[in-house]
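Taken from Swiss-Prot, the feature domain 'Obg' applies to 1-159, supported by sequence analysis. Look at Swiss-Prot and you will find 160-333 tagged as domain 'OBG-type G', backed by sequence analysis. The annotation GTP binding site is assigned in Swiss-Prot to 166-173, 191-195, 213-216, 283-286, 314-316. Swiss-Prot lists Ser173, Thr193 with the feature Mg(2+) binding site, giving sequence analysis as the kind of evidence.
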Amino acid sequence: MKFVDEAVIRVEAGDGGSGCVSFRREKYIPDGGPDGGDGGDGGSVYLQADENHNTLIEYRFERFHMAERGENGRGRDCTGHSGKDLILKVPVGTRAIDDETEEVLGDLTTHGQKLLVAKGGFHGLGNTRFKSSTNRAPRQKTLGTPGEVRSLKLELLLLADVGLLGMPNAGKSTFIRAVSRATPKVADYPFTTLVPNLGVVNPRPGQSFVIADIPGLIEGAAEGAGLGIRFLKHLERCRILLHIIDIEPIDGTDPVDSARAIVGELEKYSPKLASKPRWLVFNKADLLLEDELKEKVARVVKELGWEGDVYTISAYSRDGTKELATKLLDFIQSLPPEDKDANPDAEVEFKWDNYHQANIDAINEDYDDEFDDDFDDDDYDVEVIYQR
């Protein structure tokens with residue numbers, strides 16, 4: 001299935017049903033009074049994380065999503081049915097953004113987590129609600145409020161513990177093949193990897209972590225060169241980054257310049273991402289003699305002014321890959337647990353809880369006590385409105 005990590009959709013919550021103006025009409029009960037019921041609330045639109053989904057491709061072709069409208073109220077104090085909520089299933093790791101205001105509405109990071117993205121309209125009130133000691137035959141009602149309408153930008157950010165950074169052909173895909181069962185395409189030309197790949201690494205029985213491989217970066221990626229930086233967002237949730245450096249580039253470029261270019265593009269994209277824990281991993285060590293390898297690694301580390309962890313591996317021959325995977329596992333386990341405060345059942349305060357109270361108070365306040373049409377004999381000869 002094609003990997004799609006971005007989609008723009010339009011969601012419309014259901015409008016609230018209107019209240020009903022109706023009067024009780026029964027034999028031998030000439031002055032039955034009002035019995036118009038309230039309308040139903042409109043359905044809301046939710047996003048729900050589902051681990052059985054792994055792409056947003058379905059939302060590229062189905063862009064408009066509407067919840068049900070609430071039914072109008074009826075006579076005999078019958079309340080209209082509330083509209084059915086619409087639940088849209090998205091992959092775990094999806095971020096919802098208001099496309100007009102760029103406001104981040106929320107991240108769905110756990111299976112089953114729900115996010116309200118469009119609230120249904122509040123129901124209208126029937127004329128029974130306006131009955132009072134001075135207004136015993138009210139003909140007032142309120143309409144349901146419109147449901148929220150939003151244009152949403154959905155972004156899928158892969159959930160991984162370790163992210164791989166590097167120039168094209170640095171050996172990132174070969175490394176992920178060496179430490180996991182992932183099988184990304186590997187070839188001797190740039191940009192072999194066109195979409196992110198995930199692999200599960202099991203350094204020890206029963207203990208594992210997830211590693212993400214993204215397409216390679218080149219200098220100028222922030223301005224759109226190569227595949228740009230659109231895939232860097234998939235590293236935002238990683239807990240550590242591995243900067244893979246080709247110690248013996250086939251095109252003769254200096255590894256120092258390549259490493260600086262990657263760091264520069266990372267800082268342009270997000271200083272927060274650039275500040276994540278990062279290890280330097282020199283790949284293709286099998287192409288050099290041991291003394292030459294040590295000398296070259298020492299030169300690159302010195303010129304970069306690097307003071308962090310440094311590792312030397314050969315992803316092709318798998319030299320050093322198992323040891324590196326074990327050290328990654330130990331590092332991840334040493335980190336404090338992530339704060340997962342997502343509550344799928346959390347209630348959202350209703351935006352229009354007190355919407356109608358002002359209308360009721362205003363009508364009762366403006367009502368003229370001296371004009372009580374309840375005592376007019378014609379009051380109960382008016383046409384009664386029944387809503388089916």
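Numbering starts at 1 and runs along the chain as it is shown here.
Quick reminder: no glycine exception, Cβ is built from N, Cα and C everywhere.
Here the structure is a predicted model, which means the values were calculated and not measured.
In three-state terms derived from DSSP, Ser314 (GTP binding site) belongs to an extended strand segment. Note: Gly166 (GTP binding site) has non-local neighbours Lys172, Gly216, Leu217, His243, Ile244, Ile245, Asp246, Ile262, i.e. same-chain residues 6+ apart with C-beta under 8 A of its own C-beta. In this structure the C-alpha atoms belonging to Pro215 (GTP binding site) and Ser173 (Mg(2+) binding site) are separated by 9 Å. Taking the Cβ of Ser173 (Mg(2+) binding site) as centre and 10 Å as the limit, one finds 25 other Cβ atoms among all the protein chains shown. Cβ neighbour count for Pro215 (GTP binding site) (all protein chains, 10 Å cutoff from its Cβ): 25. Val195 (GTP binding site) and Ser173 (Mg(2+) binding site) have their C-alpha atoms 11 Å apart, to the nearest angstrom. Under DSSP, Lys172 (GTP binding site) is assigned to a helix (H, G or I) in the three-state scheme. In sequence order, Gly171, Asp246, Ile247, Glu248, Ser314, Ala315, Tyr316 are the residues near Lys284 (GTP binding site), counting only same-chain partners six or more apart with C-beta under 8 A. Within 10 Å of the C-beta of Asn169 (GTP binding site) there are 22 other C-beta atoms, taking all protein chains into account.
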